[in-house]
Amino acid sequence: MDYCSQTTLVPCGQDKYISKNELLVHLKTYNLYYEGQNLQLRHREEEDEFIVEGLLNIFWGLRRPIRLQMQDDNERIRPPPSSSSWHSGCNLGAHGSIMKPVAIPDIQITDMDAAPGSDRRLSPTGTRDLKLLQEDTPQLMRTHSDVGVRRRGNVRTPSDQRRIKRHRFSINGHFYNHKTSVFTPAYGSVTNVRINSTMTTPQVLKLLLNKFKIENSAEEFALYIVHTSGEKQKLKATDYPLIARILQGPCEQVSKVFLMEKDQVEEVTYDVAQYIKFEMPVLKSFIQKLKEEEDREVKRLMHKYTVLRLMIEQRLEEIAESPATI
């Protein structure tokens, strides 16, 4: 990749920009960290717009269960291909559409009343009458019965199972099951989505929910950058998660992107986060010292303004005792 110096500004949020040169430095560090892995990011320019794209790791941080869809959107129910006899009766296209047969195979018609091995030939007149009879009779293509299709539909071929797995991703091995369609992903387990730097937080949320066919609305969730120190920063609707991840650095032992419920998590600032991991006795000693400092500051201010008040009163008395000048 070419990391030459650039001067173009790249948006990283509402009214927030970063120079392309600085972003490329962060991107180079990011890719060096993930060298040889599929988490490396690529960049390109499209219509004078700088775009970074690749996989973003997102960790599950949900406290409440989620609901999986009963079936995929616009999914057509179709029997799996099992044998050549099925395809001869009904040809399926790549997307399950029924294709017209290229040619109808010739079928020899024999007289059921004729004895086996008999050699009965039709006269030219009889042949012509038979052709007219065939043209007047409606022709139906014969296919296998629905009963046979349903009977074979209980067993999926390996290719059909691979197609289903490709279409519906699992959440840490959990595929849809009507008994476990409502469940909570393991806290701290990781997944990923392929996004680019122009996608905002709501767009990334919708993409993630659609990947796993989750019924819950994207408005129920939010993306948070969680630091090991305890700091939690909520990504705004105008932020770009991929840019935020690049600027935070690649190491997930320092910070991670979590999917959490909006109403279950509060943001924790850096100033508050640095006190979170202390034990209660230590925190109480901090509070005691802060209270002592506060008392000393209050006494100092009271003494200062008491002296100032006395000086003002003394000056007013001197003005009152002095003779008035005309």
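Note: Cβ is positioned from N, Cα and C throughout, glycine not excepted.
Residues or ranges marked as domain 'Ras-associating' by TrEMBL: 176-264.
Marked as domain 'SARAH' by TrEMBL: 272-319.
For the domain 'Ras-associating' (176-264), the number of residues in each DSSP class (helix H, G, I; strand E, B; coil) is 25 helix, 27 strand, 37 coil.
Taken residue by residue, the domain 'SARAH' (272-319) breaks down under DSSP into 45 helix, 0 strand, 3 coil.
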